[in-house]
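Residues or ranges marked as Fe cation binding site by TrEMBL: 150, 152, 286. Annotated 2-oxoglutarate binding site per TrEMBL: 185, 300, 304, in sequence order. Summarising the annotation, TrEMBL assigns domain 'TauD/TfdA-like' to 241-305.
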């Protein structure tokens, strides 16, 4: 990766073996990461991961040393995976392998994995693989068109703090793109304008497909794009769905500057099987380059988790305190 430096956690042979053994035991006991029992016990189980892994992920959470954390060294048996999912029905399966449970345990050390009722049938862990009907869409299941960079669910105040990816298969080395707010060079007045509620962000197609976010699309609330500490701001931005308020020329100019600066800051990294990439959703945007899918069972295959540091904030949208699926209205 050029232009920025991920926070790297390397699993040694012994640590990787211990982590996989722990995750494998949990997979056999609970069956799948979609199990409410595993979700309830995940943080407790995660305390048995190697201390170096726990220490590193806690440091990433507390100190924000980078916009991205990369966990490396987890072995993945390609032959045992089976074919990359090729239909929506196929992608709703899974979540029971040791690698997937390890991925979930890492996420539990950062917060609580959450789901939206409007996406992936409300499943906690998403399959990211190309679908032929989505080739040209602005969806993670596209291929021939680039997935433009974005804050995950940028339009929503309850968006995840982190979006995490587990690479299971990437034979063509398709790059993930990441741009970090720390690398943006913007004039003071532009930063000031971007810190004011003079912009709107509408839901993307993955949310609107079920109609649950129609009101937010029709009447988006004006929001700032930079927020938090002035000297180290957080960012919410979607290259495709962010607009300035009508007739606000200064906001239009500031947004153009932000888009150009973000484009200039992008880095590309092709995830390798077994690597976990955790993007700080408050400090970075992410996307994906275009590629030619084969739909023969060997295409790029990732798993995705959205992670909230404070589950209580979304209580009005969840059926019960321990439920991790968010609806669309209180």
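Placement of Cβ uses the backbone N, Cα and C atoms for every residue, glycine included.
Remember, TrEMBL labels are computer predictions, not curated facts.
Fair warning: this is a prediction, and the values are worked out from it, not measured in the lab.
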Env. residues of Fe cation site, Cβ within 8 Å of mean position of 150, 152, 286 Cβ: 149, 151, 154, 163, 238, 279, 281, 285, 287
Number of other Cβ atoms within 10 Å of the Cβ of residue 304 (2-oxoglutarate binding site) across all protein chains: 19
Alpha-carbon spacing, residue 185 (2-oxoglutarate binding site) to residue 150 (Fe cation binding site), which is rounded to whole Å: 18
Set of same-chain residues at least 6 away whose C-beta sits under 8 angstroms from residue 150 (Fe cation binding site): 204, 237, 238, 239, 240, 241, 285, 286, 287
Count of other CB atoms lying within 10 Å of the CB belonging to residue 152 (Fe cation binding site): 21
Cβ neighbour count (within 10 Å, all chains shown) around residue 300 (2-oxoglutarate binding site): 23
Counts of helix, strand and coil residues, the domain 'TauD/TfdA-like' (241-305), according to DSSP: 17 helix, 21 strand, 27 coil
